[in-house]
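Novice: Here it is, the structure in full.
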Amino acid sequence: MSHTNVTIFHPAVFVLPGIPGLEAYHIWLSIPLCLIYITAVLGNSILIVVIVMERNLHVPMYFFLSMLAVMDILLSTTTVPKALAIFWLQAHNIAFDACVTQGFFVHMMFVGESAILLAMAFDRFVAICAPLRYTTVLTWPVVGRIALAVITRSFCIIFPVIFLLKRLPFCLTNIVPHSYCEHIGVARLACADITVNIWYGFSVPIVMVILDVILIAVSYSLILRAVFRLPSQDARHKALSTCGSHLCVILMFYVPSFFTLLTHHFGRNIPQHVHILLANLYVAVPPMLNPIVYGVKTKQIREGVAHRFFDIKTWCCTSPLGS
């Protein structure tokens, strides 16, 4: 009677080459990527500080916006610093567990942002379609439960990815053709059947995100129906203006994500470096643009930022250090 011992081999490190085919341009690509990342972190940090400090912004809509800002910082910080280390310092190696952790947070932030956008759509639906019931429907306990549901759902959907990767033996190559780790890209290096990884990696998160998109579309169809029933044009314009920034953020999040998904599946003739370059831009550009969009289109945010900077200027002028 023979016994077969199957050993699951995990490499000590994976190698991230950056953007294959564009190695000669890494240093030039790093400059706009670094500027985008700095702008994203500063913009979202300012947004969070303003929402926390300004009492008139202590409402559910801006609470969800602050959650989105935190997710944006985490998403870009999970990926961009490592990419810059590859471009600048040739730091191509990443430990196996660190690679799995990075992939987990990348996917969790993506699913989490989708859920937050759904929560913000629900907030706008209640505010416009049932304004008299807004304060009774979206109480702070309810908002807290929604926030907890967003985090719990994101964690539970992506957590199995850790075990799906750790169960695989990697005995072929340890070179991940990317600048950061993501589930399917790492799973394809395994010398075993990855059917479960492919089905789970694509179907479960995508189904949840598509469900979010459908619910957001239903919310905004009901919002538009309610808006066009308003008696005056000024009332319609005011109602729509409260949704403008949210709609911009929704488009910036979902359009690139579905474009990337479709090109991965059907764009067989698109060079690999184009896919990876778009993936790097996707985790950096929307987080940079979100606070700018809300700052430009939302009067309360603009006034809050101006108020905070005025306070800083006043403190600098009256402080002994500034005199």
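From the backbone N, Cα and C atoms, a Cβ is placed for every residue, glycine too.
Feature list, courtesy of Swiss-Prot:
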- C99-C191: disulfide bond (DISULFID)
- N5: N-linked glycosylation site (CARBOHYD)
- 1-27: topological domain 'Extracellular' (TOPO_DOM)
- 49-56: topological domain 'Cytoplasmic' (TOPO_DOM)
- 78-101: topological domain 'Extracellular' (TOPO_DOM)
- 123-141: topological domain 'Cytoplasmic' (TOPO_DOM)
- 163-198: topological domain 'Extracellular' (TOPO_DOM)
- 220-239: topological domain 'Cytoplasmic' (TOPO_DOM)
- 261-275: topological domain 'Extracellular' (TOPO_DOM)
- 297-323: topological domain 'Cytoplasmic' (TOPO_DOM)
- 28-48: transmembrane segment (TRANSMEM)
- 57-77: transmembrane segment (TRANSMEM)
- 102-122: transmembrane segment (TRANSMEM)
- 142-162: transmembrane segment (TRANSMEM)
- 199-219: transmembrane segment (TRANSMEM)
- 240-260: transmembrane segment (TRANSMEM)
- 276-296: transmembrane segment (TRANSMEM)
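Could you tell me the structural context for the features on the list?
Specialist: In sequence order, P169, F170, C171, L172 constitute the residues six or more apart from C191 (disulfide bond) in its chain with CB-CB distances below 8 Å.
Note: the topological domain 'Cytoplasmic' (49-56) comprises 7 helix, 0 strand, 1 coil (DSSP; helix = H, G, I, strand = E, B).
Across the range of the topological domain 'Extracellular' (78-101), the DSSP-based residue counts are 18 helix, 3 strand, 3 coil.
Here the topological domain 'Cytoplasmic' (123-141) has Cβ contacts under 8 Å with residues 60-61, 64, 219-220, 222-223, 226-227, 239, 242-243, 246 of the same chain, all six or more residues outside its ends.
In the predicted structure, the topological domain 'Extracellular' (163-198) carries a mean pLDDT of 89.
Sequence-distant contacts of the topological domain 'Cytoplasmic' (220-239) (same chain, six or more residues past either end, CB-CB distance under 8 Å): 121, 124-125, 128-129, 247.
Within the chain, the transmembrane segment (102-122) has long-range Cβ neighbours (under 8 A, six or more residues past its boundaries) at 61, 64-65, 67-68, 71-72, 74-75, 78-79, 82, 94, 146-147, 149-151, 153-155, 157-159, 161-162, 165, 180-183, 186, 205, 208-209, 212-213, 215-216, 219-220, 246, 249-250, 253-254, 257, 283.
Proximity of distant same-chain residues to the transmembrane segment (199-219), defined by a Cβ-Cβ separation under 8 Å and at least 6 residues beyond the stretch ends, is recorded for 107, 110-111, 114-115, 117-118, 121-122, 124-125, 153, 157-158, 160-161, 164, 183-184, 187, 250, 254, 257, 261.
A Cβ distance under 8 Å defines the sequence-distant neighbours of the transmembrane segment (240-260), meaning residues of its chain 6+ beyond its ends; these are 68, 110, 113-114, 117, 120-121, 124, 127-128, 209, 213, 216, 220, 223, 227, 275, 278-279, 281-282, 285-286, 289-290, 293-294, 296-298.
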Novice: Taking the Cβ of C99 (disulfide bond) as centre, how many other Cβ atoms lie within 10 Å?
Specialist: 25
Novice: Taking residues 6+ outside the transmembrane segment (57-77), which of them lie with a CB under 8 Å of any CB in it?
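Specialist: Residues packing against the transmembrane segment (57-77) from afar: 37, 40-41, 44-45, 47-48, 50-51, 105-106, 109-110, 112-113, 116-117, 119-120, 123-124, 127, 138, 140, 143, 147, 150, 249, 283-284, 286-288, 290-291, 294, 300-301, 304.
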